[in-house]
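Some features that TrEMBL has for this protein:
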- 110: active site, phosphoserine intermediate (ACT_SITE)
- 60, 171, 173, 332: Mg(2+) binding site (BINDING)
- 60, 337, 341, 378, 379, 454: Zn(2+) binding site (BINDING)
- 1-17: signal peptide (SIGNAL)
């Protein structure tokens, strides 16, 4: 058993030793504040250019506590205390809060939220690309209630469009960009009930290939949903779980290829080597499916077969930016959410660090003058860290005290519920007896559940570039795509675009018109 006096002594020592010398001087903090003030004053010169490009980064499950913990981890990976580190998203000039509830759920899921921030309409839990008139799993409530996404609006305006995710490409977040489904779990027809099939509903993988046939870039996991039942996977030949799932016998990859014009260069790839050897100038359409299901966690990634999120983003932008009319790109750090659900905070936070790296890569390849970048989350998790930890304490480390109730140590990171709930000998497990720094360590939780749940609090929205200032204050989540569309002069609300100056500024146009003025039939 660890002595409480030893723990407190260590904490005191850390606190004293990890205060950088410059931070002891009040001048450091005053100068820092003045520099920040100077930058803030410059923001009064609003960027009202037309957004040629729009990039949306979606950290699935990346609540505010996850953002803060990711910041600390990023710093500690660079051998710094961590708290003072700046994430790439921290550098964005405008920050707002998004209300994440679904139309029928106080604590939301990733499908209803994706419909909100991509289609501009709040929806029911578990449904994608449909209004709240569609009930989950009821196919016959779908027709007539479909809503289109900003990806469709951008494509209709002549822009190139792309989807990059670390989950399956037909998972909840990406599917709202192109599909209309009463159930987010209808990945292929194998997962659909007979009733839904008989009523004419199509699975999400089918819709990926057929609904918007000219999506320029699609990258992520989800190979098995594209192939006939029991077709052997190209990478995992002896793994039965990796085999094709489709009952209709369709080979959707071949169908995807057949839809592309013969004079265009279309490429299907399944590994990192193929991705990194592509010449983007000779790629018009790219379908990259790197895993049968979701992609591997960043900490577990095979550097030969699986690309990182930032590598996929770089190639996507290289392809999409060739279009003189610009592009829309959706990027999802989707396995942040999975790490939290499994109670594996280390996996979740390393996923978030990698997404922040991708944000930095995208920023270096684009310009603030013509590219609106938005970083947000769909929802939060019941993830927290605390315990009066000293400056520089490992984000995965112990709090500097014992519980004053059961006299046992505890980690700074904890979950409100989840699989980390463990009782040993009728008492809470003593974490000093386990490897709490392990990649797959499941942090302790207050309530036992097989899968940890989402959180219901607001999430942050970071924005930079043209019209980024329109994301401010506290907003309904469905407001986000309307801002992106307004900035890019796509979608239904285009009156202001006619007044844009030759310099590409929207400054002379009217204020954003209330959406209530537009009939739903026009908007969606």
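Including glycine, each Cβ sits where the backbone N, Cα and C put it.
Fair warning: this is a prediction, and the values are worked out from it, not measured in the lab.
Counting only residues at least six positions away in the same chain, the Cβ atoms of 58, 60, 110, 114, 165, 167, 330, 332, 334, 378 sit under 8 Å from the Cβ of residue 173 (Mg(2+) binding site). In sequence order, 60, 61, 110, 348, 381 constitute the residues six or more apart from residue 337 (Zn(2+) binding site) in its chain with CB-CB distances below 8 Å. Neighbour counts of Cβ atoms within 10 Å were compared across the binding-site residues 379, 454; the minimum falls on 454.
For residue 341 (Zn(2+) binding site), the same-chain residues 6+ apart in sequence whose C-beta sits under 8 angstroms from its C-beta are 61, 381, 418, 451, 452.
For the Zn(2+) site, the Cβ centre of 60, 337, 341, 378, 379, 454 serves as reference, and the other residues of the chain with Cβ at most 8 Å from it are 61, 109, 110, 336, 340, 377, 380, 381.
The distance from the Cα of residue 454 (Zn(2+) binding site) to the Cα of residue 171 (Mg(2+) binding site) comes to 17 Å. Counting Cβ atoms from all protein chains shown, the residue listed as 'active site, phosphoserine intermediate' has 27 others lying within 10 Å of its own Cβ.
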